[in-house]
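Feature annotations, reproduced from TrEMBL:
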{"type": "SIGNAL", "residues": "1-28", "note": "signal peptide"}
{"type": "TRANSMEM", "residues": "336-355", "note": "transmembrane segment"}
{"type": "TRANSMEM", "residues": "367-387", "note": "transmembrane segment"}
{"type": "TRANSMEM", "residues": "393-414", "note": "transmembrane segment"}
{"type": "TRANSMEM", "residues": "426-443", "note": "transmembrane segment"}
{"type": "TRANSMEM", "residues": "463-483", "note": "transmembrane segment"}
{"type": "TRANSMEM", "residues": "495-515", "note": "transmembrane segment"}
{"type": "TRANSMEM", "residues": "521-541", "note": "transmembrane segment"}
{"type": "TRANSMEM", "residues": "548-565", "note": "transmembrane segment"}
{"type": "TRANSMEM", "residues": "608-625", "note": "transmembrane segment"}
{"type": "TRANSMEM", "residues": "632-652", "note": "transmembrane segment"}
{"type": "TRANSMEM", "residues": "658-676", "note": "transmembrane segment"}
Amino acid sequence: MTVRIRALASGLAALVMAAAAVLAPACAEAVSPTRSASPTVEVIVAVTGLSWEEVAAHPDAYPTIAGFAPTALVAQAVATNGTSTSCPADGFLTLATGTRVADRLQGSCRRVDESIVAPDGRIAGWDELVAEFADQPYAPRAGLLAATLRGAGLSVAAVGGGGALVLADEAGRPPPQTTMPKDDAELRAAVAAGVRDASLTVVDVARGGAAAGGRELDARFAAVLAGVAAGGPARVTLVSVGGADDSPASMQFFARAAGAGVGGDLATSTSTRQPGLILTTDVQPTVLAGFDLVADGALGAPVRPAVSAQDPAGRVEALLALAQRSQAGDAAAVPYVYLVAGLGVAMLGLAAARWRRSGARLALRTGGLAIALVPMATYLASASAWWRTSSPLAAIAALASLIVVAVATLLMWLTRRTAEPWAGRVIAVAALTWLVIVVDVLRGTPWMTASPLGTQPLQAGRFYGVNNTAFSFFAVATLTLIVMLGPRLVRRNRVVGIACAAAFGLASCAIDALPGVGADFGGALALIPGVALTVTYVAGLRMTIRRVLVVIGLGVAAALGIGWLDSLRGAGERTHLGDFVAHLGTADTLTVIGRKLGGATRPLLDNPLLGLVAVVLIAVAIWVMRRWRAHAAVGEAGIAVVITCVIATLLNDSGLSIAGWMGLFGGALVLMRHGALPSAVPGARDVAMRAG
C-alpha cells in the first residue's frame, strides 16, 4: 500500500472517529435505559378520516376533541402504506405491525367492524393476510404488538373491530377481553373495564371504517374519556389511522396526553425530526415505550415533545400550515420536475446538435448557467411562503426564476474581467449549491421539506438529512470543486493543495454520512469512493484498477463503521443507517435490499413518463459528456463521478432519479465550462489541468 493510500485510510479512519465522538453520548445512554417507576396504563383511541383542518374549521362539532388537544402532544400524522391509496384496515394493521401495510386481499377495502372476527374466533382471512405480508416491501410481522406485550407479561383489551385487528396475536386470535359495543353507554363500560383490567386498551370508534359526523365522533370520544375516568388513570392517545376507502396518502389527526407534570406541545420523533410531524408507524413504538418495551422489526420511533414554546392556538396554526405546505409541495413536485428536466434535456440536446456553430457558444454556456443554478434557486425560493399563494406552482417557479436571473447576472458581472471567467462561474455555482444544501441540512432541512426538488411529507420518505435529489446535486458539486480547485492549489503548493482537497472531501463525506447531520448511508457509500478517487486524481496518481478497488473498499468500510456506531444507540434513536447495520445478516437485510432495488425501478412502473424523462436525460447527458470528454476532465477524474453515480443509483430508493439529476446538474456544469466543442482537441490531461 502506498503512502498516499495509507494517508487516505487514515483520513477515513478520522471520519469514523468523528462519528464516534458525535454518537458516544447517545450510545452511552442507550446502554443503560431507565425503567418507569410506576405501572403504566395506555389507551389508544383509533378513528378514521379525522384531520386537524376539520377540527379547526368546526370547533363546535368537536368540543371534546378540541378541549383535549391544548394539554396534549399534538402532530400531523402521515399515514401511508407505500402505495398510492389506502384503506382504514391498513391503518389498524400499521398499529399492529409497526410498519407500512397494504391490505388488498379482497381487491377492495375490507370493513373493520364486528364482522372482522370470524365464527372460529379468528380474524377473517387471517391466513391469507399473513401470506400477503410475506410479499410486501416492509415484510410486516403479523401480531407483533400482541406478541411483544404478551412476552412482557402484560394484558390487553380490544374494543371494536379495529381494536380486535390491532391486538390479534400471531394466530389471528383477538384477546379474550374483546367487546363490540353497540352504543356509547356500552363503549364507556368497555373502556372502563379495559382500563381496570389491562395494561393496554385499543378502542376503535370508527365503527365499520366509515367516517362519522363530527358530533357523533366527538360523542364517542367523550364516552371513551368517561370510561377512562371511571376505570382509573390512563394515558390516552387519539390517532386517525387513515382516510376513507381507497383514499390517497394524507395527514391525520394525532394527540397524546402529555403526562403528569408536562404541558401541551408539538410532538415529533426521530422518524421525522420535524416539529409537529410524525408517522402513524410511530404510534406503536410510542405506546410500547410507556412500558419500556421495543418491538423488533417496527419502523417508527417514540413520540416526544418538540419543545416548541407555542401556545395552543399557535400549535394548531403550525399544524395547519404544515398540512397546507405539504399538500402544495406534493401537487407541485411532478410538474416542476417535468419542467426542469425538460429544459435540461432541451438544453443538452441543443448543445449536442449545435456545438460547431460559432455564434451558439455563449448562448449555450448561459443556458447551462441557468440550468445549473436551478437547484440552489429552488431551495432558496422554498424558504418563502410560496405555498400560501393561490397558485403555488407558478409562485415557486417565478421565485426560482428571479433568483436564477439575479445570481447569473451577478456572476457574469463579477467574473467578466478574470482570466477564465467560465471556469470561475462553474466553481461559484458548485460552491453556492454545496453551501445552500449544507446550511439547510444543518438547520433541519426546512427548505427541502415539501420543496418541489425536496422531500414530500405526504410520501413519508425522508424528513431530514440529505435526500436523494439533494445528494445528486451535493455529490456533483463536491466532486466538481475538488477537480476544479485542487489542481490550482497543487500548482501553488503540492502538499497544501492535496491536503486541502482531502480535507474538503472528508468534510463533505462527514456532512453526508453522520447520523446527526446528513444520515445518508447509501449516499455515503457512493460519495466516499468518489471523493477518494478525485483526491487521488488531484495528487497526480494514475487510477489503476487496484487503486480504484482499494478506495471503494475503504469507503465501504468507513460507511459501515459509522453505521455500526449508530447501531449502538437505542432503537428509537438510531437512524435508518444504524438500523440497517444492526440487522445485517438477518432476513431484514434482504428486505431492505429488495425494497431499494424496487425503489430504483419504481418510477418506470408508477410514472412511465417521468421514468422516460429520466432515461432520456441520462442518455443525452452521457452522450454530450462523451463528446466533451477531453475538455471536461472526464478522463481519470470523471471515473469518480461515474462511480459515485452508479453506486448511488444502485443503493438508493428512486435510484433512477439520482442518475437523472446528476446527469442534469453535471451536464449543465460541463456546458457552462466548455460550451461548444472546438475543432482542435488537446490531450485530456493537459486540458483537465487547465480546467482545474
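Glycine is treated like the rest: Cβ placed from N, Cα and C.
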Does the transmembrane segment (463-483) reach the transmembrane segment (393-414) with at least 3 CB pairs under 8 A, where each pair is 6 or more residues apart? no
In the same chain, which residue numbers or ranges, 6 or more beyond the ends of the transmembrane segment (367-387), come under 8 angstroms Cβ to Cβ? 324-325, 328-329, 336, 340, 343-344, 347, 350-351, 395-396, 399-401, 403-404, 407-408, 411-412, 425-426, 429, 432-433, 436-437, 440, 446-448, 450-454, 473, 664-665, 667-672, 675
Please work out whether the transmembrane segment (658-676) lies in contact with the transmembrane segment (393-414), by counting C-beta pairs under 8 angstroms that are 6 or more apart in sequence and asking whether there are at least 3. no
